[in-house]
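Participant: First, the structure itself, so that you have it in front of you.
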Amino acid sequence: METFLFTSESVNEGHPDKLCDQISDAVLDACLAQDPDSKVACETCTKTNMVMVFGEITTKADVDYEQIVRKTCREIGFISDDVGLDADHCKVLVNIEQQSPDIAQGVHGHFTKRPEEIGAGDQGHMFGYATDETLELMPKCHVLATKLGAKLTEVRKNGTCPWLRPHGKTQVTVEYRNDNGAMVPERVHTVLISTQHDETVPNDEIAPDLKEHVIKPVIPEKYLDENTIFHLNPSGRFVIGGPHGDAGLTGRKIIIDTYGGWGAHGGGAFSGKDPTKVDRSGAYIVRQAAKSIVANGLARRCIVQVSYAIGVPEPLSLFVDTYGTGSIPDKEILEIIKEHFDFRPGMISINLDLKRGGNGRSQKTAAYGHFGRDDPDFTWETVKPLKWEKAQA
């Protein structure tokens, strides 16, 4: 039996880039909660003792940017210099301007256009992907790496492993078999965890704790064997972390946010962007399309691409590939997608309820992935029932 190895990585919420994603999305949530028509393009960067929020925002909302920055940092666990950042004493810089009037007139006509007339906020191409190898219809190695990162945070916050600090990274290599285009995970080949830790914890305590409290609850026993390789804090020391150890920037973890290297990526980041930005809304609708194709039994594996021009509502192109796993030809699946999904940005916002802020909705997406999550706020994960003419037996 021929197999191959494929690897996906993840980082948890204390990684500096992910801290920035969460701040940008917390700002978006605050704007949308008060003004669902807010136009937000919010970037964040951070380094030792400093967080800066900058970008273009047009909103009727009254937003305290500094308060949002400090609250987000505090919730993640950055509460003192020795963990990488002190939420209450770090410098917070804000440089926010209004959306360019040139963009505003082209995209939403300064708020005069009907939803179906709203153009894409920029050009670009986005991909959605789904695979039947997990219940989430997501790649196995990506799901496991993401869940390990989430578990690291959980056992830090609940006190199970009090020596843990916020910044952590995970990586999982899975041995796969190709079943006529569908991916079948056979076993976990390698598990890698690098996590920031307290200065006082001995190295010989870190590995057993990570195996017992992080790896065992996440990776099913059937995927682990005597040949599985574990690299647990292989650098030997990871005390300096967070923004003190590395600079952070919004939008630098786009593969972690999506499919862990599977499928494809158009390059656009998600966090800090309102639904007129098709980098985000376009990627959400093609995920729903790909997931619905697989969940309805039309294919075992599927990728969908959509592309846009700035100011134009209708997509320029749609593409589907089922990697040879389709139960009907791909050209017929493409017609089914066109029939069941509306790819115009204004209609995506309505159909996926993307203008709704509050409940930390966008901020939830900014750590541990935008896809494969079981949460009613992740409306794009809802499978659409698809109707098509089945071939007569």
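In case you wondered, yes, glycine gets a Cβ from its N, Cα and C as well.
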Participant: From the candidates D225, D246, give the one listed by Swiss-Prot for the same ATP site as H15, H167, G168, K169, S235, G236, R237, F238, R252, K253, A269, K273, K277.
Facilitator: D246
Participant: Quick one: of Q99, S235, which of the binding-site residues has the smallest count of other CB atoms within 10 A?
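Facilitator: Among the binding-site residues Q99, S235, the lowest count of other Cβ atoms within 10 Å belongs to S235.
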Participant: Find the shortest Cα-Cα separation between S235 (ATP binding site) and the binding-site residues E9, E43, E56, K277, and name the residue that gives it.
Facilitator: E9
Participant: Checking your reading of the structure: which of the binding-site residues E9, E56, R237, D246, K273, K277 lie inside a 10 Å Cα sphere centred on E43 (K(+) binding site)?
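Facilitator: Near E43 (K(+) binding site) by Cα: E56, K273.
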Participant: List nothing but the largest Cα to Cα distance in Å, as a whole number, among the residues H15, H167, G168, K169, S235, G236, R237, F238, D246, R252, K253, A269, K273, K277 that the record says bind ATP.
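Facilitator: Of all Cα pairs among the recorded ATP binders, the widest measures 42 Å.
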